[in-house]
Amino acid sequence: MRVKGSGRNYQHLWRWGTMLLGILMICSAAEQLWVTVYYGVPVWKEATTTLFCASDAKAYDTEVHNIWATHACVPTDPNPQEVVLGNVTENFNMWKNNMVEQMHEDIISLWDQSLKPCVKLTPLCVTLNCTNLRNDTSTNATNTTSSNRGKMEGGEMTNCSFNITTSIRSKVQKEYALFYKLDVVPIDNTSYTLINCNTSVITQACPKVSFEPIPIHYCARWFAILNCNNKKFNGTGPCTNVSTVQCTHGIRPVVSTHLLLNGSLAEEEVVLRSENFTDNAKTIIVQLKEAVEINCTRPNNNTTRSIHIGPGRAFYATGDIIGDIRQAHCNISRAKWNNTLKQIVIKLRDQFENKTIIFNRSSGGDPEIVMHSFNCGGEFFYCNSTQLFSSTWNGTEGSNNTGGNDTITLPCRIKEIINMWQEVGKAMYAPPIKGQVKCSSNITGLLLTRDGGNSKNGSKNENTEIFRPGGGDMRDNWRSELYKYKVVKIEPLGVAPTKAKRRVVQREKRAVGTIGAMFLGFLGAAGSTMGATSMTLTVQARLLLSGIVQQQNNLLRAIEAQQHLLQLTVWGIKQLQARVLAVERYLRDQQLLGIWGCSGKLICTTTVPWNTSWSNKSLDKIWGNMTWMEWEREIDNYTSLIYTLIEESQNQQEKNEQELLELDKWASLWNWFNITNWLWYIKIFIMIVGGLVGLRIVFTVLSIVNRVRQGYSPLSFQTRLPSQRGPDRPEGIEEEGGERDRDRSGRLVDGFLAIIWVDXRSLCLFSYHRLRDLLLIVTRIVELLGRRGWEALKYWWNLLQYWSQELRNSAVSFVNATAIAVAEGTDRVIELLQRAFRAILHIPTRIRQGLERALQ
């Protein structure tokens, strides 16, 4: 009995422990998180896109056509919006900025496009008979008392004569023109030819074409341009003060070398920027804090003449010079320039360990590299910048080797045949400008190169650094203005875990081969069934949009190839590309939202459970401590997988809804008696009965064949066979003589319909008996389960009452014990306090008693 009781107690404890463990598991189970889609989140990624221009072209001279074609740009925004991005740190790299490459290609394309309709000077590639033009040959001198200072050196200009074929091919006409010495190449003592005739096709700039740099704002649609506002930003690395703009500031496309003109200034101090300061092959871009004014002039009062070189073609040349032939020059304030060099030297010494800084002239090369080249009023100046870069700085004070007065005068030469962008095969002839030419510009930056070499071999002093003016790569000019910008693409779609789940039609998910269908082409599912194709609608929609995009790209390429026929400028192509790309990106996002069942929603819940392998951070940490950019970087590797799961979930949901709608036709009881449904019932019934009869015939034939093989012959169909008794009525034994006569025998029926009737009756009886037995079994099981369940519930209720009573008794006992312990402790404390108090009160008595004993 004791053992049995122990077993029962153990069984009760086991049940109770199992129940408690289940309760603990339910209570401690982690709450399920679900993927939620957000549209419009502030997330971006680095991108390269087509930029277009904005400009105030109408604010400039409308009589001329500027070579930058800014008339095709959109107007600038009178109230540009700039949004400061708080708590954002973004990495910039001015040396890996696609905006620079794009601007460089745009400027080259603009120059090429502006020269396409202009006159080719191929007829001038003939032998020229030239003589040096001297000052004493000038006519109508207006200032005969002027000093020789500033006069052009002898041989700087030449008077050349040449033969030109007239409109009548058999006749040759002799013409003359004045050329600068830099534009002709001597063949012998008196014979010359134009400098680029042997290597390039020279194109004359069209009349009324202006080279004046007009500010161009680069803009992006459906993209964002990030702007770094750090005042000392060196062009690379993280930037903590970031804002977003729709367009850049106005950038003047000034084509110059050595000096950067009319650009932006540094806000606090001079800033040096280089991809690698230790690599002497890398250009150093200097951004000044204060601009230095440079005033340039061509004092010659030139006249121009037109020479016809063919039908509808004219060559514009310098006809004569009124007054003295004076040299072009530029003036710069010596004090301002020295102060600028002083600020640059301070930064260079900080960068190169307080070494002695030496500025020297260019080391040689093409005229564009050796001299400071730029455009002034339509004339291309080539100025000797040796006086600007000829000083040594041992500290904050420098020694200038040139000395002189308060103004630095740079002698300049003029070229009319320009080797465009230092590219082989392209040259331009800039027609001369009438009258005098003057221009004023601001020097806002420098382009420097550092001498290399090994100091141990004596190539240079190890305590000095030599810097020379550089340039030639116009990318550095654009980079000096675009250093603080970068283009990013906006990714408005974001996914994050939440506790919310989409309420959907619950149905078991079918294993349909959608993965294989993902790799089918747009028309690859044409031969599949409609049911299989319905699961690939997502793929088809995506491929359809891709086809539209591809067609648009093909259209753009065709337009770009035929822009000379359509008369589209480079900016027109850029705007078309930018607008189409913006529409494409918007359609792509809307397409994804539609595929996910989130059209028109900013917050869209899904039925995709969140996988902790994507990110195991808690909701509080995600939504309370992380930005969308940080979160996007956290799950960037799983974004495509999450998108795929959302698509599959939505496909299953749509399939479930379709099947639910198909079940709606059974919602009304009257639909059950529809004639169409009854025909369907009859068809199914006939198929079942026919199948059963066929099986009966097959088995009968097989039985006959089997008996024949065993040596029996088939019985007559008129023979009566004894019917089988039930299991509760066994056949009689031999002693029960007359019992067997009572066995009933069934006669084999005649005819096919009779056989069908007997088989159908037997089938119905068999089905009835089996269903009745199954119903009885189910009833017994339900009854048993109900009784056992009721007993279990009563047991759990009694167990709950028992343990609640035990807990109540334990709590009462604990409170009583605590109260008793507190009471006893309180009594002891009070007793101790009383003893201490009495001891203090008896101190005088004890003192008096002690004194009395001492005195006795």
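Just so you know, glycine gets a Cβ as well, placed from its N, Cα and C.
A quick note: this is a predicted structure, and the numbers were derived from the prediction, not measured.
Annotated coiled coil per Swiss-Prot: 633-667, in sequence order, evidence recorded as sequence analysis. What Swiss-Prot lists as disulfide bond is Cys53-Cys73, Cys118-Cys206, Cys125-Cys197, Cys130-Cys160, Cys219-Cys247, Cys228-Cys239, Cys296-Cys330, Cys376-Cys439, Cys383-Cys412, Cys598-Cys604, and the listing cites sequence analysis. Swiss-Prot lists Cys764 with the feature S-palmitoyl cysteine. Taken from Swiss-Prot, the feature topological domain 'Cytoplasmic' covers 706-856, and the record attributes it to sequence analysis.
If you count neighbouring Cβ atoms within 10 Å for each of the recorded positions Cys53, Cys228, Cys296, Cys764, the highest count belongs to Cys53.
When other Cβ atoms within 10 Å of the Cβ of Cys604 (disulfide bond) are tallied across all protein chains shown, the result is 20. Listed disulfide-bonded residues: Cys125, Cys206, Cys239; maximum Cβ neighbour count within 10 Å falls on Cys239.
For the disulfide-bonded residues shown (Cys118, Cys330), fewest C-beta neighbours within 10 angstroms: Cys118. Per-residue pLDDT, averaged over the coiled coil (633-667), rounds to 82.
The Cβ of Cys439 (disulfide bond) has Asn295, Cys296, Thr297, Cys376, Gly377 as same-chain neighbours under 8 Å, each 6 or more residues away in sequence. Considering only the disulfide-bonded residues Cys73, Cys118, Cys130, Cys206, Cys219 (disulfide bond) has Cys73 as its nearest partner by CA-CA distance. Look at the disulfide-bonded residues Cys197, Cys219, Cys383, Cys412 and count other Cβ atoms within 10 Å of each Cβ; Cys197 has the fewest. Neighbours of Cys598 (disulfide bond), defined as other CB atoms within 10 A of its CB across all chains, total 23. For the disulfide-bonded residues Cys53, Cys73, Cys125, Cys206, Cys383, a Cα-Cα cutoff of 10 angstroms around Cys247 (disulfide bond) retains Cys53. On the backbone, the CA of Cys130 (disulfide bond) and the CA of Cys197 (disulfide bond) stand 16 Å apart. When the disulfide-bonded residues Cys53, Cys197, Cys206 are ranked by how far their Cα is from the Cα of Cys228 (disulfide bond), Cys53 comes first. Within the set of disulfide-bonded residues Cys118, Cys125, Cys197, the entry lying nearest in space to Cys604 (disulfide bond) is Cys118 (CA atoms). Comparing the Cα of Cys764 (S-palmitoyl cysteine) with the Cα of every entry in Cys53, Cys160, Cys383, these being the disulfide-bonded residues, the smallest distance points to Cys53.
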